[in-house]
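Listed in TrEMBL for this protein:
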| type | residues | note |
| --- | --- | --- |
| ACT_SITE | Cys86 | active site, nucleophile |
| REGION | 202-234 | region 'Disordered' |
| ACT_SITE | His203 | active site |
| ACT_SITE | Glu205 | active site |
| COMPBIAS | 215-234 | compositional bias 'Low complexity' |
| REGION | 275-298 | region 'Disordered' |
Amino acid sequence: MRLAVVRFPGSNCEEDVATVLARDLGRRVEVVDHRRRDLRPFAGVVLPGGFAFGDYLRAGALAARTPVMEAVRDFAAAGGPVLGICNGFQILCEAGLLPGALRPNRQLRFQCRPVWLRVEGPSALTAGLPPGRILRMEIAHGEGAYVGDGPRGTLVPGRGARVILRYVDAAGRAVPAANPNGSADNVAGICNAAGNVVGLMPHPERRPAEGPGRGALLPAGAGDAAGSGDAPGAAAPVRAAMPGRSRAAVTWDGLDLLARWAEGAEAWWTLRRAGSGTGRRPAVRRRAASPGVAADRSGTPFAVSAHLEDRALPARSEGGAARVRLG
């Protein structure tokens with residue numbers, strides 16, 4: 001099982017994401033070129049942060065028209081998990097895989113700092129997290145003000161996409177003061193109707209640190225004890241020992257999200273390989289999570305989430321030790 005991280009001319013976070021997925025989560029990762037036309041060998045695809053094609057015309061506009069994005073469309077249509085981080089989110093919107101657009105920050109300058117986020121709903125990235133959970137992550141962008149397709153730039157309910165993350169203050173309130181970029185309705189991340197295509201402006205691959213180099217000096221899991229700025233109990237620990245790692249939990253919220261996403265990708269890949277699914281959402285017993293939203297027992301519409309509770313995932317990725325291939 002391999003995960004693909006797409007490299008566009010101007011990307012600058014592809015190796016960061018690949019390193020975290022491989023080193024911290026024990027996954028096999030391949031960095032693929034923007035000219036690649038087939039993503040079927042992969043279990044999940046990440047569009048990383050950076051400035052693809054220099055953000056000429058608009059952020060993500062040129063990248064959305066590269067050969068690999070046709071492959072991303074096919075991959076997503078088959079039910080494959082696609083994650084767009086920062087510039088990757090902008091590319092997904094430009095490609096029409098997610099609604100809306102990302103505009104320049106209201107300050108008209110680059111914003112780089114930690115933010116508080118509140119989980120709003122299920123997706124491939126937030127599977128298993130209850131609405132209202134508070135997270136801490138980093139942002140780094142100049143064009144991160146999300147504008148949806150509804151009145152005043154909000155997302156229109158019932159049109160297929162939904163908000164999964166919102167900017168909040170430390171108390172979990174989505175107030176204007178907590179909005180770092182002028183995003184409509186404090187939106188930080190969204191997903192499509194199926195939950196398999198996710199875009200967010202914060203960087204889950206970056207570990208929050210208070211002060212120069214501080215994060216590198218902290219032992220794994222020591223964030224809360226050392227006063228990293230996380231709210232008490234806010235960090236969501238990884239649910240099980242990560243492949244190839246000795247620790248069973250971390251207090252790094254972004255890593256927990258990536259772990260959940262990678263688990264879902266592996267489960268989707270397992271179902272696909274087993275022939276029990278065609279890449280489309282399998283038939284599972286469901287109950288209504290809210291009016292107009294179908295959900296399985298874990299509360300998420302993501303295709304494979306129903307199987308995460310009933311099926312123990314492999315302790316290690318296919319092939320044993322994690323590897324990163326730079327293509």
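Here the Cβ of each residue, glycine as well, is placed from N, Cα and C on the backbone.
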His203 (active site): tally of other CB atoms within 10 A of its CB:
22
Under DSSP, is Glu205 (active site) helix, strand or coil?
coil
